[in-house]
Amino acid sequence: MNRPSWSTAFNIGGGFPIQWYGIIVSIGIIFAILMFVFKLIYCYKLQDNSFYFFIFIAVLTMVLGARLWSFVIGDSNFANNNFFDFRNGGLAIQGGILLTSIVGVIYFNFFLNSKTNKTKTIAELLNNKNEIKAVYVERNISVLVMLDLIAPCVLIGQAIGRWGNFFNQEVYGFALAGTMNDPQALANTQWGFLKILMPKVWDGMWIDGQFRIPLFLIESFFNTIFFVLIYFVMDFIRGVKSGTIGFSYFLATGIIRLILENFRDQTFYFQTSITTSILFIVVGILGIFYCQFIHVKLRNYFWTYFFLYAFYKVAAFFTTLFLNNRKQMAQQKFAFYEKSLPNKKRSFFEMKYYNDVTTPKIYRLTDQEMKLFDKLEAVTTS
């Protein structure tokens, strides 16, 4: 790669150059981690070393996936450099997102289902007619909640990291017609503001005597806008179910990349990136639809048993598996009605944070815990 002279930040020992690309990408990763930790502690009120351990895993898988994806899409930076030498570029963020998503699903499914990471809430159950008994209800935290927590933070990391492409003078757009060695003519167009507000960007986008569209700047701008909307605003929108925020990230980054990829210079154009962007959009739309309309019904036991019962009916229609056992079908139908009736309604808090699809395990309070509960009840009602 023919890098500009100002792409090197400094040299170590006089012979090992440290590139601005690596520094800026590192800053983007650190800033994304800070946003993750902030929401983890102050918004979700979760503090556990296992969450911080995932940060270490995510950084490694993000870099590894991005590096491998450069090979998949045919990036010349991958072929011309050592695998671990990505100071000169060769990181495709889409691959990092894919690999980290897979690892995250595996990690959090194991981690959140462990006994030490179940949440307990005090509930009141009516025993007999008039006796109220306090109990602990133990639930699993949904993986979708973790998706809401982590995914939006990646956007701000991408927004910052895109500036590394500027210092490497890569991932720019095609040349604007009629700009050959004529900065004054371009200064009177819509890109003239760069000459005043960002003179370094203005100078850096003149490549081979022609002005190139600063795609890094455009993508960084829209990534920042979507980050603010998804990270700060969507949590306050009534009716947004868990998982919707996380899948909104896939939809947003897919749309941004799909539009901007078509304006890239042919040197940096990869058809695989177009396909991956479409995949992200499809995953985002299907994920949002599932979280908003399907998953919330599956959490309602009525709909869970309804789908199970419907499945058995369809299976019985096409096969003879259940046709000769009418008694079994009758028992299933009775269980379907019996289990669905007392569980039709759930609180918004449960629907938002505890996507449990199985019956919660109930623990009776000890006498000491019961006394504490009575004291708390007396304080809150006085």
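Residue numbering: from 1, along the chain as shown.
Every residue, even glycine, has its Cβ placed from backbone N, Cα and C.
As recorded in Swiss-Prot:
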- 18-38: transmembrane segment (TRANSMEM)
- 53-73: transmembrane segment (TRANSMEM)
- 91-111: transmembrane segment (TRANSMEM)
- 213-233: transmembrane segment (TRANSMEM)
- 243-263: transmembrane segment (TRANSMEM)
- 274-294: transmembrane segment (TRANSMEM)
- 302-322: transmembrane segment (TRANSMEM)
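With a cut-off of 8 Å between Cβ atoms, the residues of this chain six or more beyond the transmembrane segment (213-233) that come close are 35, 39, 151-153, 155-156, 158-160, 162-163, 165-166, 171-174, 176, 194, 198, 201, 205, 245, 248-249, 252-253, 256-257, 260, 263-264. 53-73 is the stretch from 53-73, 91-111, 243-263, 274-294 with the greatest number of Cβ pairs below 8 Å to the transmembrane segment (18-38).
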